[in-house]
Amino acid sequence: MQNSQLFTESLPKHIAIIMDGNGRWAKSKGQPRVFGHKKGVSAVRKTIAAASKLNIQAITLFAFSSENWRRPEEEVGLLMELFITVLSSEVKKLHKNNLRLRIIGDTSRFSERLQKKIVEAQELTASNTGMVINVAANYGGKWDITQAVQKVAQQVALGDLSAEDITEDDIAKHLTMSDLPEVDLLIRTSGECRISNFMLWQMAYAEMYFTPVFWPDFGEESLIEAITWFVNRERRFGCTGEQIKALMSAQ
């Protein structure tokens, strides 16, 4: 096996990111929290572009947790409007680059206008064959497992499955990202070291990388640092950030 092939196979297939620190970043600049959220959109663009260059199979971004509804009403409203704006402005670019966009979570609580934008964005990119971008919105890991178990329970109630025969696979195939590899690498920004009810099942064996960088300051260099750490730690395959940059340039 060529070293380059071994190196490529050592990269994570599925990266999950908890995009944290927008509010604190904005506060450090003397700006309102929404300023940080808007700046965070730029970080999303940079991160998606870098991951796509590396042929990462899937990236899942934790945009809005089911607990975020507890935030001030004004901030939640601004986040929903920002979500609509970003979907409207970015989805055509994603489609042009053969990227597939999926919104993961209970979208029923969103406004009809936002739900319509979500459906349109997913339908436009559904046939694309490049990297899958999952945006977790109104998502919680406990919710994901619960809705999967409910579907299994329905099978039992219908007599299609006995309770004694339920396996992990029976539950896993009903999770929201059942068609993707489990998460190899979790990245959380802003220095917080917890997973905040994010992809509890899918991250069972993930390596977890915590960086003090606030999300608005995260970009290609930050992603390279995280992936370099992952490759050296998880695969025991010595590499440098320069090697990863070279791989990106070769794509």
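Keep in mind that glycine also has a Cβ here, set from the backbone N, Cα and C atoms.
Sequence annotations record features per position, and here Swiss-Prot assigns active site to D20. The Mg(2+) binding site annotation in Swiss-Prot covers D20, E207. Look at Swiss-Prot and you will find 21-25, R33, H37, 65-67, W69, R71, R188, 194-196 tagged as substrate binding site, backed by sequence analysis. What Swiss-Prot records for N68 is active site, proton acceptor, and it gives sequence analysis as the kind of evidence.
Long-range C-beta contacts of G23 (substrate binding site), restricted to its own chain and to partners at least six residues apart, with a cutoff below 8 Å, comprise R33, G36. Highest local Cβ density among the recorded positions S66, N68 belongs to S66, counted as other Cβ atoms within 10 Å over all protein chains shown. Looking only at other Cβ atoms within 10 Å, the busiest spot among the recorded positions D20, E207 turns out to be D20. A separation of roughly 12 Å, to the nearest angstrom, links the Cα atoms of the residue listed as 'active site, proton acceptor' and D20 (active site). Listed binding-site residues: W25, W69; maximum Cβ neighbour count within 10 Å falls on W25.
Of all the Cβ atoms in the protein chains shown, 17 others lie within 10 Å of the Cβ of I195 (substrate binding site).
Around the Cβ of G21 (substrate binding site), the same chain contributes G36, T189, S190, G191, V213, F214, W215, P216, each under 8 angstroms and 6 or more positions distant in sequence.
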